[in-house]
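J.: Sharing a structure below in structure tokens format, with a few things to ask.
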Amino acid sequence: MHCIACRALLCVSLGKRANFNLGTVRVRSTKCLSDLQVKSSYKVNEKSPLTSRRKVCQRVLEHFDAQYAEELGSLWMSVRSVLLNPDCWQHGVMLNRFTDLGDLRMRLQELGYTSLLPQSDQERPSAHTLPPPVSAGSLECVVHERPSTHTLPPRVSSGSLECVVQRAPVRLPAPRHERGRLKPYFLLNAASLLPVLALAVTEGDRVMDMCSAPGGKALAILQTTRPGLLHCNEVDKHRCDWLSKTLESYVPAPLMETLQLTNQDGRDFGHTHQGMYDKVLVDAPCSNDRSWLFTSSVQQGELWLKERQKLPKLQAQLLCSALAAVRPGGAVVYSTCTLSRAENHAVVEAALATCPGVEPEDLQEELANQLSEHFSFAPPLWPPGLLVVPERLGHTWGPMYLSRLRRRT
């Protein structure tokens, strides 16, 4: 396994790129494929076009340089080099436990993928037949039912969440939609799983994912355990439709009894659903650093930078709404995919100052120390919270900020 990964890194430096088949799954890779052909029957597609390079928006880069050099200090230059080079970004593969994964697991292992989470090495629970389908009539955004040919463990530990990663920047293609079949895996920035792990959902919990689209974190929650209710909300109608299609592609119909999809303003739930949830995830709208750097036009970049100034107020309102919607003793996890202190630490501080009876919780021992093999964390300059930074080859996950707040009263 290690020799394959080493050859992959060598090929990255040479800029080589090719495609090969993973059973019925085609894999786009920066690996040297001659070595793989010796060990397997993977077929190389020599005619695949090279990935087009994205163009950096200089206006956004200048803004980031000014802000993050001050906030991150010397760390910014290494983070900057990773953000500006999409060819070195890693891509996580979250496996869908509602499908048969035996052959896929084996093939990914042959390609050098390893488990991201220590829980994934535990023996998977034995599967049991799902209960009969339930009515989706009560859902405000209906996901269509499908035949109940899949299985679901009645009791699932956190060990059922499986994500495999490569140290090399290898990316599988997004799985195609096939009628009557659930997709076997979901591609993601592996750092996006940390807010779900911090939420620590247990079986039977009533959970809200307040800003849920496109659905990766909701899927991760369902991979982890079976909540009593998973309420997925998305304020934007088009993104809500996207969320619905995502869940339809990965979640068996009988599991719909634990899901509720809504298209509402998350700031309202603190009033309309006060104290109703055990756990709330606020993966807030933010200035996504990876995307913004590659804005298609200078005009769009200027518009986003103006909108960026309004985000902290919205984020604080969403977080305060979540803290009101969670029951006493319950927890709220706030997360973003930006390095910005104004959208991270400052938002949490504003919520703590506004919402009485709320305490931050330390995630250093629980998450950062255990996952330091895979993730680089910024020095704890902004407690409470963790900031995952992409800063070197093999540790290109992030940015991802997360903080957990406990409502005591």
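Positions of Cβ are set from backbone N, Cα and C atoms, glycine also.
Grabbed the feature section from TrEMBL, which reads as follows:
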ACT_SITE  Cys337  active site, nucleophile
BINDING   Cys211, Ser212, Ala213, Pro214, Gly215, Gly216, Lys217, Glu234, Asp265, Asp283  S-adenosyl-L-methionine binding site
DOMAIN    115-408  domain 'SAM-dependent MTase RsmB/NOP-type'
J.: Between 0 and 100, where does the mean pLDDT of the domain 'SAM-dependent MTase RsmB/NOP-type' (115-408) sit?
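T.: Residues in the domain 'SAM-dependent MTase RsmB/NOP-type' (115-408) carry a mean pLDDT of 87 in this prediction.
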J.: On the Cα atoms of Cys211, Ser212, Ala213, Pro214, Gly215, Gly216, Lys217, Glu234, Asp265, Asp283, which are listed as binding S-adenosyl-L-methionine, what is the maximum pairwise distance in Å?
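T.: Binding-site diameter by Cα atoms for S-adenosyl-L-methionine: 20 Å.
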J.: Same-chain residues six or more away whose CB lies under 8 A from the CB of Ala213 (S-adenosyl-L-methionine binding site)?
T.: Glu234, Asp236, Arg239, Cys240, Trp242, Leu243, Thr246
J.: Rounded to the nearest angstrom, how far is the Cα of the residue listed as 'active site, nucleophile' from the Cα of Lys217 (S-adenosyl-L-methionine binding site)?
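T.: Distance between the two Cα atoms comes out at 13 Å.
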J.: Validating a neighbour-count step here. Other CB atoms within 10 A of the CB of Cys337 (active site, nucleophile): how many?
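T.: Its Cβ shell of radius 10 Å holds 21 other Cβ atoms.
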J.: Drop a 10 Å sphere on every Cβ of the binding-site residues Cys211, Gly215, Lys217, Asp265 and tell me which sphere holds the fewest other Cβ atoms.
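T.: Candidates: the binding-site residues Cys211, Gly215, Lys217, Asp265. Fewest Cβ atoms within 10 Å: Asp265.
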J.: Roughly how many angstrom lie between the C-alpha atoms of Cys337 (active site, nucleophile) and Asp265 (S-adenosyl-L-methionine binding site)?
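T.: Each residue's Cα considered, Cys337 (active site, nucleophile) and Asp265 (S-adenosyl-L-methionine binding site) end up 20 Å apart.
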